[in-house]
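Features of the protein shown, as given by Swiss-Prot:
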type	residues	note
ACT_SITE	C117	active site, nucleophile
ACT_SITE	C214	active site, cysteine persulfide intermediate
BINDING	A23, M24, S25, G26, G27, V28, D29, S30, L49, G141	ATP binding site
DISULFID	C117-C214	disulfide bond
SITE	H142	site 'Interaction with tRNA'
SITE	Q356	site 'Interaction with tRNA'
Amino acid sequence: MLDHPLNSLGFAKPPAVTRVVVAMSGGVDSSVVAAELAAEGYDVVGVTLQLYDHGAALAKKGACCAGRDIHDARRVAETMGFPHYVLDYENTFREAVIDEFADAYLAGATPVPCIRCNERVKFKDLLQTAKDLDADCMATGHYIQRKMGPAGPELHSAADPARDQSYFLFSTTPEQLAFLRFPLGHLASKAETRALAARHGLPVADKPDSQDICFVPNGNYAEVIQKLRPGAADPGEIVDLSGRVLGEHRGVIHYTIGQRRGLGIGGLGDPLYVVRLDPERRQVIVGPKEALSTRIVPVREINWLGDAPLTSRSEWQVMAKVRSTRAPREAVIRPLSDTEAEVELIAPEDGVSPGQACVFYAPGDSRILGGGWIWRGAR
């Protein structure tokens, strides 16, 4: 069984008259959420979004919300006996996620499209659809926890650090959090999720996990960008910090901050890393590893989840995470407005890149205090 909140979902009425829309990607996580809720007697409605043309070149096997996954979600619904609907969100997804993804790379940034998808599609349009279906709440298969605090629902990291998805969900607003449920957040491991899937006889119990960037075939994001923005891979110069030309690159979109391999400028002594991208000059700037060291990070579009307003203090002591694969580090937030701040990392980080998220956590706690987008000018 899932944890106690799922037995009631926080509503003072029987499960049979509590409608829950489950966002079903076709993977094992959201399938288990739907199956557990259905088994507990809730009025479950499964919804899967078709986010792109799964017959076109952008689709790939094992990608979230592609043709196979829609089929798998439907099979789970049939197994558990609840209705399932497929909604065509291709245009919305392209406008809200894919176009910005391509434009960000053209601007020399390294975007995180999964965050934008949660923010602009799943927790916006799909959540509104759930309300239109008279649902009491919407449940997803994300590994994150929703806990009740003194001021209302709070967002907390998942119990399993290896599966925690809080970095990708920092932009969840208090209003959205009031309507959302995350039944898997308390589980200790993915093995528990698969065991629940097997217990329910779900056809996806052994299905491999999907890739993060669902619309990028084989991880070749540059190929996708070139299809969306012809001419995006114009070659240019690789230069060092003094401006000396060291070689030629294949297009700025092929490079990210901190990259060392694949530069094609070997034999120059000490290893060189990409420290900056200048798309206007079509330059890739490289330097020694110490040139990547960053302590001051400008952050904008902040979604603040603390109980007191962000600007109520001149400084906030937090733990900050500047990449999804890195652990949170000690930091100080210095607000500039309700949505902008300067974040000082107590210990420098390498490879801080525009387009990534900077997510804030309460010191000594699992609570997510919000986050924002890293902007140019990190130093």
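Every residue, even glycine, has its Cβ placed from backbone N, Cα and C.
Bear in mind that the values here come from a model prediction, so they are computed numbers and not experimental data.
Positions of the features from Swiss-Prot, shown on the structure.
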{"residue": "A23", "record": "ATP binding site", "Cβ neighbours (10 Å)": "25"}
{"residue": "S25", "record": "ATP binding site", "Cβ neighbours (10 Å)": "24"}
{"residue": "G27", "record": "ATP binding site", "Cβ neighbours (10 Å)": "23"}
{"residue": "D29", "record": "ATP binding site", "Cβ neighbours (10 Å)": "26"}
{"residue": "L49", "record": "ATP binding site", "Cβ neighbours (10 Å)": "25"}
{"residue": "C117", "record": "active site, nucleophile", "Cβ neighbours (10 Å)": "26"}
{"residue": "H142", "record": "site 'Interaction with tRNA'", "Cβ neighbours (10 Å)": "26"}
{"residue": "C214", "record": "active site, cysteine persulfide intermediate", "Cβ neighbours (10 Å)": "24"}
{"residue": "Q356", "record": "site 'Interaction with tRNA'", "Cβ neighbours (10 Å)": "24"}
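In the three-state DSSP assignment, the secondary structure recorded for A23 (ATP binding site) is strand.
Ranked by Cα separation from H142 (site 'Interaction with tRNA'), the recorded positions S25, G27, D29, C117, C214 are led by D29. Residues listed for ATP, A23, M24, S25, G26, G27, V28, D29, S30, L49, G141, cover a largest CA to CA span of 16 Å. Classification of the residue listed as 'active site, nucleophile' by DSSP places it within a helix.
Residue pair D29 (ATP binding site) / C117 (active site, nucleophile) shows a Cα separation of 18 Å.
DSSP assigns D29 (ATP binding site) to a helix in the three-state reduction.
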